[in-house]
Each structure stands twice: as structure tokens, then as C-alpha cells.
Amino acid sequence: PGKPTLYGSLTCRGLSPEGTPEISASEGFLVGEVTKKSILLSCPHENVSTKFLAPYTTFSRIHQKSITCLDISSGGGLGVSASTDGTMKIWQAANGEIRRLLEGHVSDVNCCRFFPSGLVVLSGGMDAQLKIWSAEDASCVVTFKGHKGGILDTAIVDRGRNVLSCSRDGTACLWDCGKSSCLGIITDCGSPVNGIAVGTADNSLNLGTPEKAPSEREVGTEGKILLLAREDRKLQGVGLQSRQPIFLFTGSDAFNCCTFLSSSYLLAGTQDGNIYQLDVRNTNIPIQIIHRSGAPVLSLLPYRDGFIASQGDGTSFVVQQDLDYVLDLTEPDCDPVYKVASWEKQIYTCCRDGIVRRYQLSNL
């Protein structure tokens, strides 16, 4: 920001005998390693470099319309996705072959994720319902009702005896899967909660004391902190068991998503393109603010020593602490990339163009 933009061009001069493009760059830019799937480009004067990576494969037949959310099972074998075509599907992660159709929500499904077992799926929709599904036979085993607005995000506590949801109604709720009941409203902040994340808090953090003894049905909430990405430009931290506020950080615009990098560090992305890295022990001043474009930050995911982010202008990128360059995941062009998921060295993205893309990070 504040500096003139540097423009350059790449020229393909043909293919090598191995079928790899031979590429040169205009003055001020350097082309490094080129493979059939990637180009390493740097600008020495600004000391920046980026590797552009094409998808290893794409799945275009899973849904007919925009794919709003996806997740990959803990074993890497299955994917689940939700679409504006009103369907939710389970598919083979390797080839996109559809295995199950999950039907039961009324209207759009906003979020879906696998439980740690990889055999069960949690979903939330605009119908204000939270549902649990069997990935094996596509049956809906539990439906939670209680929110007064569409459910925008979910989180799973430990192995999944308890789950969390957040909604346009401004609340975040804790649910007991075994008895399909609400264990309590964790917080009611009076503004839509766009995203949540749960993590184990740093030992030095005071998470507060519950006003009354927790239910015996509440499992794994001790020592956990709940992050809430709010529409009113606030990022909030709440003690999951105590229900006590831990911090309240004000950003530059509505917060869309949040995640933990560790017990101390967290990330949150805003509608105007900022990614804030904060230390939960002192949230007064961000550790850093990453701003690559003014497009909304739509999803954040911890990955190895860094993270993956996706934005509303079609960009997805991987930032690694031990690498001196950013890895750009190409191809969606200008369609928003709504969600990223990963399994080992594979990254999956879902997009408004209705395509799931799988990237292979073999060299990291």
C-alpha cells in the first residue's frame, strides 16, 4: 500500500522436450522453477516471490451450482460438500465419485464438516437446523432445533460428544449429541456470528469460573476457548465452560472467519481483506495484519507451520513460516473460493463456479 504497482508480463516460448513450458519474464521479474503444474516467479527488487500452482485434478460434476462449503474426512478418503442447489453430498476424495446424497435441510445448507471419526457429518442451514448424518447410509440421526436464524458455522468439541453452532440470530450454542438437546447458549452478542472456532487455551490465560456447575453431559469444554467472528466488526473470545468473555477485538470490517494456529495464536479474516494474527494473551495490538487484496477473506485453515486462506476474488494461498514465498492456488479466476480443506499434502477448494479443485503439494 502507498507504493506504485509494478507491472510485468510472462511469455511462453514453447515447450521443452519433456513437455514443460519454457517461460521468460519482462524486466524486473524472474522465472524460477517451472513444471507442468507450477511456476515460481519472483521480483528481486521487492524481495518477493510466489509459486503459482495449478490444480492436480478438478471435480465439476458433484454439484450443479455454487459449492458453499466442503470438508475432507480424517482418513482422507471421503469429501462432503454443500451447495446452493440445495443438496449435500458425500464423495470419494480421490476421484469425486458421489457416494451419498444427504437430504433433509429446507433451503440452503451453509456449513458441513466431518466428525473426527470420519463416519459422521455435521451440517447447519438457513432453516436454523443443525443436523447429524451417517456417512455410511445417509440417514439423519439427530436434528437440533433452537436457533432463530440461519446457522452459519459449526465446531466440534474433542471427539464429538458435544458440538457448537453459531447463527444469524447472534448466538453460539453448545449441544449434546447423545440426547439431542441444547446444553446452553455460550454467548448472545446481538450481531450475526459468521464463524466460530474452538481451541485449547494457553495455560496462562484465565478462562473464568462458571456461575453454576456444568452439566455432566458437557464433555471436553474445560480449558477451551471459543472464538466468534462477528458481523459487527468484533472478534470475541469466550471461555467455553465458564461462558465468560475473555477478550473483544475490534477489526476494520465484519469478521467472516477465524481459526487457531496454536494455543496462543489465532487468525481472523474480514470482509475488507484483512487477516489479523493475534496473541490470545494480549489482543490489544495484532502481531501482524496480512492484506493481499480488498476482497473478503472467506476461509482460514491452519496448515503445517502456516495457514491457507481463500478470498472473494478467486485467490487461495498458502503461507508457510519456513518458506520465503507464498504458494498461490490458481484457476478459479474471479469466482469466490468459499472454503478450503486439507488432508496431508492435498488441499481442496470449493468455489462459486461449482468446481471442487484438488491441489497436490508434493514439494512441501
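Cβ coordinates come from backbone N, Cα and C, glycine included.
Please treat TrEMBL annotations as automatic predictions, because they have not gone through curation.
Under the heading repeat 'WD', TrEMBL lists 60-101 (among others). Note: the repeat 'WD' (60-101) comprises 0 helix, 21 strand, 21 coil (DSSP; helix = H, G, I, strand = E, B).
Positions annotated as repeat 'WD' by TrEMBL: 102-143 (among others). Among residues of the same chain six or more beyond the repeat 'WD' (102-143), those with a C-beta under 8 A of the stretch's C-beta atoms are 68-75, 77-78, 80-84, 86-90, 149-154, 156, 159-160, 163, 165, 167, 169, 175, 177, 180.
Positions annotated as repeat 'WD' by TrEMBL: 144-176 (among others). If you average pLDDT over the repeat 'WD' (144-176) in this model, you get 97.
Assigned with DSSP, the residues of the repeat 'WD' (144-176) fall into helix, strand and coil as follows: 0 helix, 21 strand, 12 coil. For the repeat 'WD' (102-143), the number of residues in each DSSP class (helix H, G, I; strand E, B; coil) is 0 helix, 23 strand, 19 coil.
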